[in-house]
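According to TrEMBL, the features are:
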- 42-62: transmembrane segment (TRANSMEM)
- 74-99: transmembrane segment (TRANSMEM)
- 120-143: transmembrane segment (TRANSMEM)
- 163-182: transmembrane segment (TRANSMEM)
- 194-212: transmembrane segment (TRANSMEM)
- 274-297: transmembrane segment (TRANSMEM)
- 317-342: transmembrane segment (TRANSMEM)
- 376-396: transmembrane segment (TRANSMEM)
- 402-424: transmembrane segment (TRANSMEM)
- 444-464: transmembrane segment (TRANSMEM)
- 476-496: transmembrane segment (TRANSMEM)
- 517-585: region 'Disordered' (REGION)
- 554-568: compositional bias 'Low complexity' (COMPBIAS)
- 574-585: compositional bias 'Polar residues' (COMPBIAS)
- 958-976: transmembrane segment (TRANSMEM)
Amino acid sequence: MGADIGITKHGYSETERKSDAPVSPVEHNTVNAPARQQFNALTLLSMAFVICNSWAGIAGSIQLALLQGGPVTLVYSILITTTAYVAMGISLAELASVYPTAGGQYHFASVLSPPYARRALSYACGLLSMLSWVAIGVSVVCISSEQLISVVAVYHGGFVTKSWQVFLVYQATAFLALLYNIFALKRAPWSHRIGFFMTLSLFLVSIIGMLVRAVPKQPHTFVWATFINQTGWPDGVCFVIGLSSSCYMYIGLDASLHMAEECTTPEKTVPRTIMAAITIGFVTAFCYTVVALYGLTDIEKIITTDEWVPYIVSTQGFRSTLMASIYTVLSFVMAMFIIIAVQETFSRLAWAFARDEGLILSNYIQRIHPKLDVPVFALIFTWLLLCLCGIIYLASETAVNALIQSSVILQQVSFFIPIVLLLLRKRSTKFLPVRRPFKLPGILGWVANIYALAFIAVTTVFFSMPNFIPTSAATMNYTCVILGIALFLGLLNWWLRDNASPAQEQVALSVGIDGKSATKSGQPVQDAAATDCNARGHRYRRKRQETPNPLLNGSPGSVDVGSNGVGVTEDESQVASSPPSTIAAETNIPSTQSEHSETGLQWDSTIGSFCILYQTPLVSSSSSLLLQHYLEVTARVLAAKPMNKNPFVTYLLPIAYSDGLVMHSILALSGSHMSLAKPTATEISRSTWQHYAAVVRQLRRELDQISFNSNAKNLRLLLVLLIAISGDQTGAIFPHLRASRQLILNIRKHPDEPWSAENQALQGFAIEVYAYLALVGNITPYGKFIDRTLPLDDFVTDLSPLRKYNTFGTFFGCGHVLFEMIAPVSQFYSLRLAEEQQGTVSLESVSTYEMLLSRIQGWESTGPESDMEPWRSEHEAAGESYRNALLIYLKTSMCGPVVSSPKVVFEIQRHVDVILDLWTPLCTSPYVSIFLWPVLIAGSCCVREDQRTMIKTRLRSIVWNMNHILFAATLLDLLWTDDDMRAYGPYGLHFVMEKHGINLCVA
């Protein structure tokens, strides 16, 4: 098979996962969701329950249940089945709280599988899940179509339902649902809540109407003690087979799993939704079943009729044909909401499976429409599958009924695979971290997993047996045939994908690498990043010609490749032992044309697309992994922007394809980040230093030929320097920043030099990066550490000119005015410290304090840029966090090195509470990338032990594993354990850093 269906973009590639290392509990944030997070907990629950619709599921399968055990089976099977599905739900919920992605159970299987079986098991699980949703979709559309036709038959005597009539209604409803999903649902997710309200309303109407109008009622013995066996099987076998009807009421339970990437805080919302859907389903289904049984008048008619059974049940229960007809029509309207939700969920599963290259035509199916913001091809693909099954209905109703009947088994087996793998992993904390949003205490998790597996194993065997004996062609259970067809289609799909033509093959980076090669059968292998691009709705193609660097007006050159194949000739050990400051310290800022690798990624920016990529072999076996990591993680955590608007990707990577120096800088930065996440990965560490050495070597050579009069060359060097230093979180970053400042000043000396649109944007981006590092990187009062002090130029203190660049908001989008305030507050702190040494408080200080306080308190959020509109609330939360952090900074500044006033401490604690409360919603938004500064300021004043524990836990468990985040956690530990009165607030951070010799940059 051409791709690792498991984890290509959801944690670890096949190469990275050769060990049994688990995916991080929050690594799902690296997944490219198909769209903005539109579902809150209520909307997701509404959608999930609308699909399950447990009481309606029981109503639709009541005839079969009565034949296979009568009222006893119908009532008591609900109790038994619910306990089993609680166990299944718990098992899935635990995994979803750690790995919430749209792939659901097949992603779980990939994470939990041993390396040698990962591709096969995850693919099999994904295929079973896909087929189960085909069966679910067919059953819902088919049942609703027959439901509508049944009303026509009642009012037209002698009307005989034809297959083609059901077929037309079937196709019409499926097509209407498709149109709604493509054009309306994204803008009206509240439709699910309307469906939820409607199904609960109809439920109440049915039980109240039957309770009131069904007089006389059946005796208690009929409801609770009547067993009817018309199957031919022994009573025990009959009862177990009859469980299939109650299992059907939980069909589609995994719906919320496949919508995880479109809901807020999915690690919490999805598990709760699963359990809530089971709870509501049990209450509604059990109540409806009991009331309906009490209201029946002629059970023999229900058992023997060929008419639409739910209509007959309603007629007998309501004692009215008219009420039953109205109720049935309203039920059809409700069914439309179900079909819409089923198509939406099925499309997201197909989209995720295609994103992981699990289907033929994956390059189309995984695309997100840039304007509609939905996976249009995935929706059309799933609709076509439903249409095909509708055509099969014309030829053979038995075939379609067999598919519907197999839906329960297909779904349960897809659940079985990840649960059994979890048990084989002995529920290890490597795969189920101790700290997770949904957790079962003690042995209950083992009990739930084992019970779920036992139930699935037993019922799969019994549900595959004929429903009636002696059997006939019409009554035969064709589940085994469906599973055989599934196996054939799966193998065919596997073979077709593996034998796709090289010109069309689009496979993830992890395919066939084995840590040594990034090619397959001699053909270039597309990087997983391309899939990441495409998942955002962008296309890509293989590029066969060179594209000029937008920063240079020359043709690409070449990189000297050394004996190690990495383009590095100087002693790596010497470079590795040198501090990062060697770039700035040993160079004097300048630039020439860069050298360009002929063996690297090639990018082409095009109008309306993100980036277009094809890959030829990179400079080392680990370089591909570094680039993948840069796209999936590093670039994401560097900027407060969505990936399709992230300049670290959209602007830098098109340059890097033709500029070896820029590419080396990017890979060195990614390696610095990745090495920390995988400290034992020596090959990655070695490759990182090789790329870093290449940057140093080329800069030294080029700086001898620098021309200070070329803005394009100055800008290129500035970008390289800023990229390279972003991987360094120690104080050694500040010499780099001084060198970067000089380059900016060089560029500003020639304001009249003509700029291309790309260079204009890059200039704004580079200045914003520098200003952010200069403002936020230093948490100490201005001037207290001379080697960390940078001049406060106008492009740092006045950020409003940056708004004219389309890259604006990379860091300052949540409120550039607040960032401007950091410098004057820091300067004010230094002024107050000097006054405290003299024991005075000047009028100038009081006036400055009041002015700064007024400006900070008077700040108002201006709203996000258009690309950040989906995160409007998080945008406001990020601004409020910085406002409160500045208020802490300012108020502690006024007090000097020791904050002794209880009133001030109380006020500061309120600001701390606000910041920490806002941290949670920001964790799943792009703004979390700029949140360390306010957290560190708040943490420096944190006195509550529970809050300290929360801060330490989050900083040390965060998926990014950035050096400065871990250093910040250590710094706070030292601060909190220091008994000195000065160890409090921003000055306390300075005090502890000076005391322990810590040199930290927090940007």
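Note that Cβ sites are derived from N, Cα and C of the backbone, with glycine treated the same way.
Under 8 Å from some Cβ of the transmembrane segment (120-143) lie the Cβ atoms of residues 1, 4-6, 51, 60, 103-110, 113, 166, 170, 173-174, 251-252, 254, 335, 338-339, 342-343, 345-346, 349-350, 353, 356, 358, 382, 385-386, 389-390, 393, 400, 403-404, 406-407, 410-411, 413-414, 417-418, 421, 482, 486, 489-490, 493-494, all in the same chain and six or more residues away from its ends. At the 8 Å Cβ threshold, with sequence separation of at least 6, the transmembrane segment (274-297) comes into contact with the transmembrane segment (42-62) through 3 or more pairs.
Pairs of Cβ atoms less than 8 Å apart link the transmembrane segment (476-496) most often to 402-424, out of 42-62, 74-99, 163-182, 317-342, 402-424.
Among 42-62, 317-342, 402-424, 317-342 has the largest number of CB pairs under 8 A with the transmembrane segment (163-182). Three or more CB pairs closer than 8 A are found between the transmembrane segment (317-342) and the transmembrane segment (42-62), so contact between the two stretches is assigned (pairs 6 or more residues apart). Of the candidate ranges 74-99, 194-212, 402-424, 194-212 contributes the most Cβ pairs within a distance under 8 Å of the transmembrane segment (42-62). The transmembrane segment (74-99) shares more Cβ pairs under 8 Å with 402-424 than with any other stretch in the list 194-212, 376-396, 402-424.
Sequence-distant contacts of the transmembrane segment (194-212) (same chain, six or more residues past either end, CB-CB distance under 8 Å): 45-47, 49-50, 53, 55-56, 284, 287-288, 291-292, 294-295, 314, 317-318, 323, 327, 330-331, 333-334, 337-338, 340-341.
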